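Please read the structure below before turning to the comments.
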Amino acid sequence: MFSLNGTTFTNNSLSGVSRCLTQSSRRVSAPMVVVAAVSSNGKPGDGSVSVLVENALTESAAPVEKEVNSTVIGGVQDVYGEDSATEDQSITPWTLSVASGFSLLRNPHYNKGLAFSERERDTHYLRGLLPPVVISHDLQVKKMMNSIRKYEVPLQRYMAMMDLQEMNERLFYKLLIDNVEELLPIVYTPTVGQACQKYGSIFRRPQGLFISLKEKGKIHEVLKNWPEKKIQVIVVTDGERILGLGDLGCQGMGIPVGKLSLYTALGGIRPSACLPVTIDVGTNNENLLNDEFYIGLRQRRATGQEYAELLDEFMYAVKQNYGEKVLIQFEDFANHNAFDLLAKYGTSHLVFNDDIQGTASVVLAGLMAALNLVGGTLSEHTFLFLGAGEAGTGIAELIALEMSKQTGIPLEETRKKIWMVDSKGLIVKSRMEMLQHFKRPWAHDHEPVQELVNAVKSIKPTVLIGSSGAGRTFTKEVVQAMATFNEKPIIFALSNPTSQSECTAEEAYSWSEGRAIFASGSPFAPVEYNGKVYASGQANNAYIFPGFGLGLIISGAIRVHDDMLLVASEALAEQVSQENFEKGLIYPPFSNIRKISAHIAAKVAAKAYELGLATRLPQPKDLVAYAESCMYSPAYRSYR
């Protein structure tokens, strides 16, 4: 287990703008603009900077002289440029953006739309640019939800949410926070999978950094192109294994964008501190290579040394630009790279793989909660996995670590309670030489078994976990076999999106005669069976990674440790109430997710201090209250 070049000024008061426009009958002087940048509170802050842009269209101090030739008979000069407006111009794309007037309405970080007050409309030159009505933030949310609900296709709802994020950031996050249970499946799984598949067609504006092989040797400079300089969390993918959909190449950008939206909405990380990154090394997806709308490199995937050198340059450029404490979350890398990257950089960077570690932590939390319904301890149960990739082996290792922690039994022994089935059948010692390194700890003494149903009948597990990415593999025969020797079989169908789930909630409950304790990776609607309604749980990583990341940030942690994952699982399991258990739920409702995230963050931060991995000293006395106070709020701020 792994220890697991332009300048833009926004949110600044304009302290001085002077424009000199000297006109003569034969020449026009370029403007001189003076901009004083101040801190975000409108007062001179740390390192206040004054920027003088004088004669900005030329490098010399001399004025720009331009002959003004009239195109109108009679000699009327084109002083204001009306006649030349349709002519081709040589343009230098420089800009100084000031958060007022029309530019303010186009700035998603500060735009309030119709919620600008009367005073703000006067102060910031918005009169006439907005209809006269002033409405509240809450009414904006109500209006947007009404609009979004009119879309019947989930992908249309996703696109509407992305448009809102690029138009009014605070409204987007308030909408998501206030309606998290309804909108979570839209901004993330399962809809984000569809968005990634069609990303080339629906792409409108960049939402993150695309770093391809073309940027090799220049990644440090590329990172500087991102407008925000104080980055705390980076989510990066190379698009090779997007959910259960396979290689989507550059179109995997939807995953980092979606994850970081949840870091903000659920974990309270400032949007400006989040950076989505896609590493484009090509794709082996023939459909994309032949798609005229594909937005990535049209070449087969780079591998070996070329791939490793690009990732190595990226990792060290990130540390050079943003420091030791920036969290780098690996997302949807293929198995052969995911494990290697986590092992390689786990000792030198603050790295976290949500597919391996986040999934493991949320599943372990669900199992801990399920013990309240089935009884016994973890070490008294037997586990069988379908799927031995990064998710499956990550979950298995964390379960084994928790059992070892609870019982004092060596890790090598607790692993023997866990069995795995991959594409070639049950993982046993006779296959050892052919196994990938991350599968070898799970090879036990047993005769070869090819089919899952036969493995279930032979091993007789109390817990069946699917992480295969192969839909409908928990067949009726498999579920019924689990129900024959378990009064309450625990069945987790974790593969995403919904189409790849090993079974549906309805199948699990009906085939087990309503006795299964079921959770899935993607959401399912409540199921009615024999007059009783069953509300299934969702083992969604969003329960863990936002709070986990917040805990690392507020403690100033410099490395991720396995014990942090264990305490995150324990913290989540503690949030499941007796009322939830009575409904058959083993995860708390998402409506309380920000409080849950703060609780998880506090436990993770406390563990970081205990392990000596925290750098923010002294340690706050009440870490839960401190975590809550650090969380981003989408409430509008008054502008002076």
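Keep in mind that glycine also has a Cβ here, set from the backbone N, Cα and C atoms.
Straight from TrEMBL, the features:
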- 165-346: domain 'Malic enzyme N-terminal' (DOMAIN)
- Y188: active site, proton donor (ACT_SITE)
- R241, N496, N540: (S)-malate binding site (BINDING)
- K259: active site, proton acceptor (ACT_SITE)
- E331, D332, D355: divalent metal cation binding site (BINDING)
- 356-609: domain 'Malic enzyme NAD-binding' (DOMAIN)
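Positions of the features from TrEMBL, shown on the structure.
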residue : record                             : contacts (Cβ under 8 Å, 6+ apart)
Y188    : active site, proton donor          : G258, K259, S261, L262, A542
R241    : (S)-malate binding site            : D247, D332, F333, A334, N335, A338
E331    : divalent metal cation binding site : V235, V236, T237, I255, P256, K259, N353, D354, D355
N496    : (S)-malate binding site            : T189, P190, G193, L243, G244, G521, S522
N540    : (S)-malate binding site            : L184, T189, V362, G521, P523, Y587, F590
Check the binding-site residues D332, D355 for other C-beta atoms within 10 angstroms of each C-beta and report the one with the most.
D332
Cβ within 8 Å of the mean position of the Cβ atoms of E331, D332, D355: remaining residues of the chain near divalent metal cation:
T237, R241, I242, I255, F330, F333, A338, N353, D354
